[in-house]
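Here's the structure we're looking at; comments come further down.
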Amino acid sequence: MPHSDPDHPSTKRLKLHGAQKHTPSLKKGSAIFAPFRTIGLVSPTSVPFASIPLGKTTFQVTTSVGRALQTYDLKRGLNLVFVTRPQTPADITATYAWKERIYAAWGDARNGEPQGIWAFQRGRKVAELQLPSDLDQPIRQILIFGSWIVACALTRVEVWKSDSLEHYTTIFSSAAQQGANELTGGVCNMPTFLNKIFVGRADGWVEIWNVSTGKLIYTILPPSPDYGSVTCMEPTPALSLLAISYSAGPLVIQNVLTDKPVLRVNAGTEEAPVTTISFRSDGRGAGQDGRKDGVMATATSLGGDVTFWDLNKGGRVMGVLRSAHNPPSNTGPAVRGGISKIEFLPGQPVIMTSGLDNSLKSWIFDESPFSPVPRILHMRSGHAAPVSCLQFLPSDFDGAESGNKWLLSAGKDRSLWGWSLRRDGQSTELSQGSIRKKAKKIGILAAGSLGHGPTTTLDDLKAPEITCIASSLNRDGGMGAMPGKQMVWDKGNDKTRPSNAEVSATTGWESVVTAHKDDPWARTWFWGRKKAGRWAFKTGDGENVSTVSISQCGTFALVGSVGGSIDVYNMQSGRHKQRFPSRLTPAQLRLVKLQQLKTLDKVNQLQTRSRTSFTPGTGRHTAAVTGLVIDPLNQTVISCSLDGKIKFWDFVTGNLIDEINWAPMAKITGCRYHPGNDLIAFSCDDHCVRVVDIETRHTIRELWGCRDDINDFTFSNDGRWIVAASQDSVIRVWDLPTSHLIDAFRLERPCTALAFSASGEYLAGATDGDLGVHIWTNRTMFRHVPTRQISEKEIAAVANPTASGEGGEGILEAAFEEDVPEEDDTVSAPVVDQLSRDMMTLSLVPKSRWQTLLHIDLIKQRNKPKEAPKAPEKAPFFLPSVGTNPLGKDLEVAKDPTDEARSRITMLDRSRAEQLFTKKLLAGRSSGNYDDFIEHLKSLSPSTADLELRSLSMGESDDEEESNELLHFIRALTSRLVARRDYELTQAWMTVFLRLHFDLVMNSPALLRELARWREHEAREKERLDALVGYCGGVVGFLRSPRT
């Protein structure tokens, strides 16, 4: 413990101001988990992306993910290069890329949020624009041209100087009837129109303003009052031509100089007007051979298609890129869709599209052979709907790192994703086959399918929404699994299924099984090939699948249904292997009847009372199966159901072995298994998590605390914790050995799915309504967390991890953050030195310490240097020697002449007299209590204790009892024997003492008398201990004897 006033230089930086006293009520977050980041977000908002050329080689595209911006490099395949920090205080509403900077507007004063415009460069904030104090409208669009920065709000336009970032003026739209002056079409500028902006209004007018003078120059009226409001404006490559789309559907290309329409097409409908327009600028793409200029692309936020127009000869539709993005779902806002922006890259045959389905795509036009519709070039996307279930991939063998790298997630958008926690560009969606080819066969993507409407979707060709995931990589063959073209989810008869056992045994087979909503088929997936598997497994009773599981060897898949059936399939061949309970043959049925007759005998009835037996072929669940587990040895299958029963089945015979019945007390909604400790946990509808030991089949823990339904729960990697997420938005952590609730934190919305990584580094969670997956790091990888019980009052509300990682902590940062002292409400157990005076106790000193003391001479001899230390080599002449005076002068230290007359032995005795060791020994002689001396001796290192024992002296005074340290040392050891404490230390110290001072003891009668007294107590204790050990050994031998 450091002294308050040290007399030597401190080797560490001292904390001058102590931390304030921390109380549980001031808890600000989780004690175990630290927020890290959010993955899976690409373009989840309606804010259009911003693109800018980077030299002559590539383009950078920036999207909004809420309160941060993500920048992708097109040349690198849309790899993520920057994520902006710090986060904006509110959601971003508009973005614009200009030169090396990205400008972002954020906030909405109508919701009480602050507002602002920040400028970012290479992911860092570099500037901020000052907004007018009277601005109470959100900024919808930013435009930068020349020396002006223009921001468009609902009914006003703000102007800044681009060089000084000073606010210049505010332009208010012309007064009109209520709502007519709203700027629905945004703002744009045109080449050669100096200081001019074009503003689209809700009444269909397009106003031309001079931002330098702040005056209205001209107003372009719509061709007809029925056209509605302006929805979008875009300047064409031809000078003085402006494309204007209206809410009623028509799109007009207007000559601004003459105020006359040049071209008019019906690009949209009243239900789905055009909201984004772009023109191709590389001079190709139109005409029959694609060598003419004049290509326009249009899209709507209410659909997922992109329409391409040839503007030559009056304009015509060249082609329709069907389902470029998912359209809005007809069932509700759960599945997002629609196109937010399309843009042709300048001078390139490439078009960028972003959608509300959380995706960013680049498409390229082929020149030979010419195609009016582009093909996909690059794509970055994520879930288009909230995530429904999560699972970390297990390790394929001991020591593999895949269990900590890959995270599987399934969403309500019918997709299955694999997320890489190390490199964002490796994340990918598992393919479900050639969806677009299937769509072409049925006519969805045909040229004449324009009459189907703008919301044609490909989602109907995908598998239904995934509700459960099971995986095992022990049989996964990686990229080489089952080479060649394979069938996808074959639903044929089991007997006719083709299977090549030799190929699959060499290369491996599927490793993932999924259950789907309102569907009787479970489906397999190749993880290594990132694609759909060969088999689709049907439930035995034809009801919908409720849960799936996979054996740890990766060979067998278990499928449970809402009707209560359980079936086992072979993953290699896809054939049915077993059902629970098994179907009896006629011979087995006759044998069962004979056994039933035998039970009528009284003798057999007495024998069967002691054990529970189940008739083969019986025991089927009467409600939906909610969980399936197979043990690592493929011997026992455990199932749970909404009927409140847990059943143990024999894997080979399919017969019921044992059963635990919690009905009608609770219904079981899910189960999780940890093979390391052989425990299985069950979540119940009474908001309790119950833990069962598979070996004894008894309930060992009941974990209460959830205030609402349990959405998901999981074991920690070492099986010590259970982490549960409930509908009350709280994630709770229980410690299994103590049954204590050791941590809990409240999120903004309920957590719907949880997963714990195999290495214990990460906890993944999905919250209700969010498209991304939140990642927390585990602080206990490098820190100790107390397992004290916490109360509901200590649960604090925390924010979700962010996409930028701001405010998050990596594993090392979370481990080495400053510890905040907290009050410990636990009741500490009283410290008892000795339970009973009749017991001989040992010390708590490590065994290695007193054993080293016994052999200290041998250790010193072994560690003795073999050679004398050598003098260091002389340094070069221009370097001063260490320890010399830098001034080159030798200063002599004045010496006291009396010091030379002093004896070195006298000085040593005088210093020894003041040592703590001697003081405590003599203090024990005066008081008769040597406890302090013994505790001090126990705290010494072996070398220090050996030196102190060697330094004991006989004394020089006539009164030998006063100064004889050897005598008092023997009395101290004797008192320890009388107290029956520190038995092994007393023996070790006496051995060393006699070895060092044997000659002095033999010549002193007083020492011999005291040593005889010590010997008497030692012999008495030795005989007593021998008798007790012999008695205990006899009792143990009697209990272990097979005769007893």
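Each residue, glycine too, has its Cβ placed from N, Cα and C.
According to TrEMBL, the features are:
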- 1-25: region 'Disordered' (REGION)
- 1-10: compositional bias 'Basic and acidic residues' (COMPBIAS)
- 11-20: compositional bias 'Basic residues' (COMPBIAS)
- 61-366: domain 'WDR36/Utp21 N-terminal' (DOMAIN)
- 618-659: repeat 'WD' (REPEAT)
- 703-744: repeat 'WD' (REPEAT)
- 833-1040: domain 'WDR36/Utp21 C-terminal' (DOMAIN)
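Cβ atoms under 8 Å from those of the repeat 'WD' (618-659) belong to residues 546-549, 551-553, 556, 558, 560-566, 568, 578-582, 612, 665-673, 675, 680, 682, 692, 694, 697 of the same chain, restricted to positions at least 6 beyond its ends. For the repeat 'WD' (703-744), DSSP puts the residue distribution at 0 helix, 24 strand, 18 coil.
If you take every residue in the domain 'WDR36/Utp21 C-terminal' (833-1040) and average the pLDDT, you get 75.
For the repeat 'WD' (618-659), residue counts in helix, strand and coil come to 0 helix, 22 strand, 20 coil, using DSSP.
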